Every structure is written in C-alpha cells, then in structure tokens.
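Under the heading domain 'Threonine synthase N-terminal', TrEMBL lists 5-84. Per TrEMBL, domain 'Tryptophan synthase beta chain-like PALP' is recorded for 100-351. Taken from TrEMBL, the feature N6-(pyridoxal phosphate)lysine covers K116.
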Amino acid sequence: MSQTRYFSTRGGSETLSFDEAVLMGLAPNGGLYIPTEIPSLPANWETEWANLSFPELSLAVLSLFVPTDSIPTADLKDIIDRSYATFRSEEVTPLRQTAANEYVLELWHGPTWAFKDVALQFVGNVFAYLLERANKGKSEEEHEHLTVLGATSGDTGSAAIYGLRSKPSITIFILYPDGRVSPIQEAQMATVPDANVYCVSVEDSDFDTCQAIVKNCFGDREFNDAHRLGAVNSINWARILAQIVYYFQAYFLLPKEARKDINFVVPTGNFGDILAGWFAKRLGLPVQRLTVATNENDILARFFATGRYERDPTTDGGVKATYSPAMDILLSSNFERLLWYLAHDAQDAATAALPEQQRRAAAQATLNGWMDDLKKNGKADMGTAVRDIASKEFGAERVSDQETLDEIKKYYSAPAPYGPYVVDPHTAVGLATQERVAKANPSATYVTLSTAHPAKFSEAVELALTKEAFPAFNFAKDVLPEQLAQLEGMKRRVYKVKGEEGVRALVEAVKRGEKPTPSA
Ligand SMILES: *Cc1c(COP(=O)(O)O)cnc(C)c1O
C-alpha cells in the first residue's frame, strides 16, 4: 500500500497527505509539493498492465501515489472512470503512426480538444469528491465551499471550466482579457450553461493584468479566507499525477518491436506535461530520453545549453507572442520540481551519505538559493554540473514560428498511409524538434505528444495551409469538428468587469447569493 506523503520543494520538514496537498495547490512558503519517495512499479507490471484500458491503467499508476486513507481504492476508481468517460476516443489518448519509427500521441480527445482535459477532468472530480466528503452530515451553514479563481490566455480556462462545471460546493471564475482570446476559446468558455461557472471578461486588460488580479486576490488573506480560494493551475500535484498515465499508455500502444530506445518529445510551456514523463521514467518505464520542445520563448532550451535559468534578456521582460500561444511563457512553473531533484542528485559525497531527511533539507536549501537569485536578479546559475545531470535524461530544442508553419505543411503533405495529417502549431513545434533529434539518433522510436486539435489554433493552420498552395484543403470541412462549429450559434454568458474591484465585486455578489446579470 502506498505510504507516499508530500512536502514543499522550498523547505520545512512538514509533510502533507495527498488530499491536503491537492487542496492546498501551492505550499504556503511558495514551494511546490513533491512525493516523499518515488514508488517502484510492481515487479510484473509489464505483463500485468499490458492489456489494461486507460482507466484501469490510470488506477494502477495513481494507486502508487495515492494512499487508500487519502482516497479508498473503490472511490479512486469511480473518480477515474467518470473522468475518462467524457473522452471521445476509446483509448483516451490514442497513438498515431506518422513514419516508420515515429508516432504521435494524441492527447486532445477530451471535452475541450486540448491535452489539459486529461488532468483537469480528473482534478475536477477529485475536488468535488473531497468537498463532498468534508461536507457529509454538516448543515447547510457549515458547508465548505470552494471558489476557484483563475486567469487564462486560452486553453486552461476552458479545460478548468469543463472539469468543474456543475460540481456541488464549487464556483469557478475564469478571468481573461476582453477581446484578446481567440473567438473559439471564448465560445468554448462562455457557452457552458452551468450556474456555477462565471466567464469574466476584464475590460482594458491583458493576460498579465488578469494574472495579477488573481495573485492579489490569493495574497489577500481576508478575501482568500472568506471565499476559500482554490487554484487549478498546473502547479497542482494532481495534474502532474494524472498525466503520468499516458506515457505508460503510449508504451503499451506501441508495437512490441518498437518498445526500445523510446524518445518522448513534448511541446512545453510550464513543464507540467514533460515532468509527468520524467516521473514515468523514474518509476521505471523504459524511456531513453525526454526532449523539451519550445517555441521562441526558450528559457528551458537556454538552460539545457548553459546551465543558467534566466529571463530572456532580449525581450524587455515580456513574452513573445508566437503561433503556439499555450507555450508563450517567461518562466516554467513546474521546472522547480525538477530543479529540486537535480539539487538532490547533484549533492556531494558528504551530503549524499546523510540520512534522506537531511538530504531533502539540503536540496530544499539549494533550491531556495536558486529561487532567491531568480527573484532578485531574474536569473540563477545552476552550473554545468547540474546541467549535465539533467542532460542525461533531457534534451531541448527551440523552434521558430516559420519552422512551425513549415512543419504543418509537411505533415499535411505526407504521402499515404501516414498523411495527410493536419497538426496544430504546438504539436508542430514538437514534430520539428523530433526531426532534429532523430537526425542524430535515427534508429530510436519517437513519440511526439500532440497537445491540441488543429481546430483550436486555426490561425497558424490557415496560414500554413493556404488556398494557393493547398487548393484541396478546406478548414471547415477537413478540420473543424461539428461540436466546435456548433458553438458559434449557442447562447453565451459573459460577465464584463473593470479591474480588480470589478472582479472582487462579482465574486462577493455571487457569494451573497445574488444573481448578477451577464453582459452577453
Ligand atoms: C498547456 C499547453 C502546453 C504546455 O504544457 P505544459 O504542461 O505547460 O508544459 C502545450 N500545448 C498546449 C496546446 C497547451 O494547452
């Protein structure tokens, strides 16, 4: 039985149970929760797990990390079954072959057509389960209620809304900059009819402003306590955990003869997706290498080149807007988790000989030093020794906007049986990376993670597959799924507000039981 507990990357010897860590999200000292130990796979996992369905595989993997006194097995199974019943594919994350030894793992068969559903369908059900359990036998006044508050530039918002819609004791407010999310993304959020969902369009703002409003609300003790704010961003451990499963699923979907020298290539922003792959590898999944694919916001690619983690000195501190916007980031929040393990594994012989408790504390201290440097100076130098440890398991590449479009063209033009295949720009960043890596190591097996359906990012797809160059291509007919096309005509509910005051006023009005009037 799993005994795993969770501690903060930034220090403190205190450990939390799985359910406490999930509800807490971020540790009070600013750190992220990681498990006290990485469990081992059952000795016969390869035969025992070979024919499991995705939900069954999920239960097998998650049970290694979720003690039964946090969530009893029967309940965990029920949560998992409900989470993946919403997917359109029997396999949940099916594998598509794109060349002799190349595959794409399609992670976008969930309700919002992007990979965040794999984690957020699960997290929504876990939140609802934990609240229901806490509220059992309590009177209406004593009920715990969670207010989820988040900002989105696109993908996270809709996936969070679909994960939490109609959940009792949870209200969700998603903030986005008025007029600045793509029409399809706004439609996905604003057409959800459930009464516990509020799409909040913040006038005269950009993503950073929305993010800052959320941060201020979380940082305001009184407001936070009064509303019991909850976060669903990718620092939540449960999101990482749910994503470990599809690396195993990919392994079992590969033909037996291809299950060697497996390289995963992962379009990366906040480092949550690829970190899950690293946990799969540490658990014992035979993975040769994990490669980070970044767009022009390339802080991670620069780290693997230099051993320094620093904000891009050429951009004046802002992000570059690229064709793969879900990866437009300045800092990768989940990279901190890997950094803790690197600090731990890079310890000198004297420290490495100490009991695990003390090694853990030493790694926390090292990480704190790096995080302080990053905060103060916008950069931290981990050194090439640390970088070299990371490079044993990870590679990284940076892909330009032009290469992204070229890749979309290439996969569309691929001859049968592999093509035509229309990929979204995030996946294209992954595929361009995969091609580079495969040049140096051509006999390996490559699995590139596909993080969104192409209809969600039509701009890049239509720029790549122009009428002139590809007269046979028709976006509406070839790419746009019926369910997304239908959103256009559906009723929308958006709450337009001004600034932080407007957001707080809305949250408070809802809490008082008022029914604010939507603006659209
Ligand atoms: C969020 C997202 C990513 C980046 O994933 P991380 O876990 O943040 O690295 C990549 N592609 C798409 C489409 C996304 O929505």
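Cβ atoms are placed via backbone N, Cα and C, with glycine included.
Remember, TrEMBL labels are computer predictions, not curated facts.
Worth saying up front: this structure is predicted, and the values here are computed from it rather than measured.
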Neighbourhood of the residue listed as 'N6-(pyridoxal phosphate)lysine', C-beta criterion under 8 angstroms, separation at least six: D155, T156, A159, A160
Three-state secondary structure, K116 (N6-(pyridoxal phosphate)lysine) (per DSSP): helix
Overall pLDDT for the domain 'Threonine synthase N-terminal' (5-84), taken as the rounded mean: 95
